[in-house]
Amino acid sequence: MRGAGTGTGSAAVAVVMSLLLLLLSRSPPAAAGDGRKSDSRLVSEQFSQAPQKLAFYSWYGSARLFHFRVPPDTVLLRWLLQVTQGSGSTCNNVETTVYFRYGAPPVINPLGTSFANSTSVQPSFLLKMLQGNASVNVSYPAPGDWFVAAHLPPSSHKIEVKDFIPTCAYIFQPDMLVVRVVEMSILEPDVPLPLVLLSQPSYLKVFVPKHTQELRLELQGCVSNGSLGCPVHLTVGSATLPGNFQKVLTCSDPTMACRLLLPSPPWERWLQVTAKSLAGPRVLVTFSAVAALTACRPWTVNLQHPLQSSPNQSRNASTGPPPPSPNTQDLDQSGEAGSGPFCLRSFPVLREDMDVVSVRFRPLDRVSVLVQSDMPSVMQLYLNTGMDSGGSLSISVNINQTVIADNTSMVACVTAGSPFLSFNTSLNCTTAFFQGYPLSLSASSPTANLSIPYPETDNWYLSLQVLCPERPEECVQASVLVDTTLYLVPCLNDCGPYGQCLLLRRHGYLYAGCSCRAGWRGWSCTDNSTAQTVAQQKVATLLLTLSNLMFLAPIAISVQRFLLLEASVYAYTMFFSTFYHACDQPGDAVLCILNYDTLQYCDFLGSGVSIWVTVLCMARLKASLKYVLFMLGTLIFAMSLQLDRRAAWNTMGPCLFAIVVMVTMWVYRCGRRRHCYPPSWQRWVFYLLPGFSLAALALTIYTSMMTSENYYYTHSIWHMLLAGSAAFLLPPREQHTEPWACAQKLTCHYEICKNHRDELYTVT
């Protein structure tokens, strides 16, 4: 496995691609050391996906995921990575982090946050690169799903207004180039396969059937140029990332047997074997490869008689012999028939699909699982559909304290590919090519939990067995009933109270991630190192909601100056902004009177229309024209916000048009009256300049100063500045005109009021 990065520009991509294709047309590096002509057994293929725009990392949804499938019999996998960026002064040479993983999306933690308790995470294989190209080679990769994820450095948490300031685009595209074998010899069990090595390696594969306990590979009759000795380098298994459990055997001592033992190899899978000569390019090495499989028979537990299913139970403890399963029909009660003793107790498991990336596993027709000391009890979890790796595997094991002795413990092991069966000899929970997840239970600790984010696509196994480390003789009759809770869930604990579980998609592949709130962080939103307290959440809610009361000032001024339509717009904005921010809070202080999306839309609409009517009111248009523009502007705002309510120009465009109308009217009046408009210097000093200053300060805060940390008080200041600027900028009423003049008092104490401008009559 090898990673390399270069600093070349995008102009070198064609040259790099040509060189890679030329290399792939020849034998891989492991087989091409002698420089001879290429191996006709190898063919090269190339796979690519559409590029994606990278984002600065804030949560898992910020990473861009790519999903590839490596074909079988691949001997070389090469990733060609390319990062390009736009041109302009805003583009800097930013570091890109790329992750690789086999079987499931990579579990990443760029922010260094903590994971939830009982969560087991393996470190990710990653590569950091700048703009340009890089490559990663993997020899003998495992066939199946491979995932690549990429992101930019952690974000600064600055809230940027969309399309207001030009941003730099960073584009990432991975290409997958593979070399695979089209002619591979099949190694049959217990059948010697003669091989001759000269300069090119020999590619073999052996099929491992289900219930294989051990695989033994041996080289027999090895001769090098007519003399004894076995200069052969044997590589068994496929490479996976982040972990690589390939087995390597070097045979150089002629006095020792060249043999490799693999306990618990992956079941129902082809195992790749590569043999290379270490004797030089002109030395002939001959030998025979032999694969021997040690199989054990599973004792499939009878569903109706669980206590009768144990092979070691005496006759007087059961009401009859257990009905044989299809896998045990040729075995006697002792398990000592020709195929060997039992090696595991198999409990059938029902897979129940509940929703997208949501599966429940439970023992078929039973609640508890019988665990004894004679052999492991095994449950198989089917996670091999290709769509199960985007969730989290949650395992909970609970033993009954009433039936377990104080000196007795129970151990469990969770593995993929094949079960762990060697509890009596080892407790490392490791199979031939997989590092499992161990669990331990006892009378003092009767419950064990395990969470595995993004489990690999495979058949998973839960193995359990009773052990007596102090007095092994007491374990002969020991048995424990175990309750298991096995789920595949989109997010662990649904991301908790301060997170939201979101379903993400890359083409047809679905996976889930947690988006945290209120300062909580981590994979499952369980890291409270930067979390807000309940008091801070309440303060933030009060600031964002009560700051809207500043709109009472422009409402009162509008009513006093008979600007009733403007007053109604300000009241609308104050109402929906208050309850939108009461609903928008991330923590416990939340109040939603309507659907969140509805409140957000009404808040954005009210803010834009408030600016629109304020500016047009300052233009002093005729009443009919003013109301027509009011209505047209409101309809335009409604349409543009429906298209994209966060785009800056959807709000600023109509507002700039209103400013142009206002400036045009003011310039027209200046030319007509031959002096500045508005004519009063007091109006400029005490109203317009403060109003314009507040508006400019509000725009500055809104576009360049808001972050996710200071949002609750900077946005509150934005509310107050916006309402204050409206109060200062509203024009005074017309001179020599009373807004309401009472012409006559009625005897019934009602007054008939007349508006002299509009000739409107009303009863008050």
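Glycine is no exception: its Cβ is also placed from the backbone N, Cα and C atoms.
Those TrEMBL annotations? Automatic predictions, nothing curated.
Copied over from TrEMBL, here are the features:
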type	residues	note
COMPBIAS	304-319	compositional bias 'Polar residues'
DISULFID	Cys491-Cys501	disulfide bond
DISULFID	Cys516-Cys525	disulfide bond
DOMAIN	487-526	domain 'EGF-like'
REGION	304-336	region 'Disordered'
TRANSMEM	539-557	transmembrane segment
TRANSMEM	625-643	transmembrane segment
TRANSMEM	649-668	transmembrane segment
TRANSMEM	684-705	transmembrane segment
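Straight-line distance linking the Cα atoms of Cys516 (disulfide bond) and Cys491 (disulfide bond), rounded to a whole number, equals 12 Å. Sequence-distant contacts of the domain 'EGF-like' (487-526) (same chain, at least 6 residues past either end, Cβ-Cβ under 8 Å): 59-61, 65-67, 105, 107, 109, 111, 113-117, 119, 121, 356-361, 383, 387-394, 451, 453-455, 532, 537, 586-588. Away from its own ends, the transmembrane segment (684-705) comes close to residues 161, 164-165, 648, 678, 714, 717-718, 721-722, 724-729 of its chain (Cβ-Cβ under 8 Å, at least six residues beyond either end).
Within the same chain, residues at least 6 positions away in sequence whose Cβ sits under 8 Å from that of Cys501 (disulfide bond) are Pro490, Cys491, Asp494, Cys495, Ala512, Gly513, Cys514. Annotation: Cys525 carries the greatest number of neighbouring Cβ atoms among the disulfide-bonded residues Cys491, Cys516, Cys525 [cut-off 10 Å, Cβ to Cβ].
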